[in-house]
């Protein structure tokens, strides 16, 4: 189950990269694959937005900088009359500053998008497309533009989801609905924890970002996701990267090589235990025995009985039982975690079949742990 989860997370990451590159079809395929492997909320949230918006994504025209222009140059789509310059000398207009202040002063998501409380999906999409392009940090360099962009993304994420919109309408304001406004991402099923970033949402609508070299990070306190736009590299830079590539790979692999060497040395220096919880023909531990106290089955070699008697045998059996109980306890925890995850996913996605599957899990290790606990109490 955990292996499937890792593969599902890889698929989600590939989907994010595809969205950044403007390839929505590829992103959709990998998100659907992730859904089949493991029910990740992030995959479901991204897929819902893609499916809901259909072919509208990417239909709007981006306001791009002309080829060869630098970050210090004024965007071709900007208004005349700048009111100042942001970091790196990036210019912004008075209208942009006023727009950012207006968005950040809004007390609820309907005000942010400029729609009424009975606005439908098309109204929300139209409002989001207009505002997202206007306040994207690659186009709008006014102070606070990044926060405004996050706010617009969260507003659409909440209001476009019927359940979250209903829940939000009960609270009445953004502050009550989400105590962490600057988290930057909104969870479609668990309050304001992150499932989809403002950049992911933007990429779904517009099929990629603006062609600049800037990086915008949106964090929710647990994990940070960065969206980096593509840089143009000269031929000389590519040659330097290739020359340094081999050495960089070696440096990255050094910790792994050291760990492998330490592990091998440890195995050579430490003698094998005189028992195994499972039959091991390679070490000759194939003779079945059972502890006197808890009745735990273990396996030893043919010379064991002659070497371990009396007190030595008692110490070995105590060690066997401790290893066995630890193993059972760990496996029981994994079983409970798996069942909890499946029950939660079934509740979130309203999947009755998944709920029945979770209820039907055998929990063999937990049953064995209960048996051992009762023996301890009985003793």
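These residue numbers are counts, starting from 1, taken along the chain as shown.
Cβ from N, Cα, C; glycine included.
Source: prediction; values computed, not measured.
The domain 'J' annotation in Swiss-Prot covers 108-172. Taken from Swiss-Prot, the feature region 'Disordered' covers 56-90. The topological domain 'Cytoplasmic' annotation in Swiss-Prot covers 1-244, and the record cites sequence analysis as its basis. Residues annotated as topological domain 'Lumenal' in Swiss-Prot, with sequence analysis given as evidence: 266-379. Sequence annotations record features per position, and here Swiss-Prot assigns transmembrane segment to 245-265.
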Distal contacts, the transmembrane segment (245-265) - CB-CB under 8 A, six or more residues away: none
Confidence summary (mean pLDDT) of the domain 'J' (108-172): 86
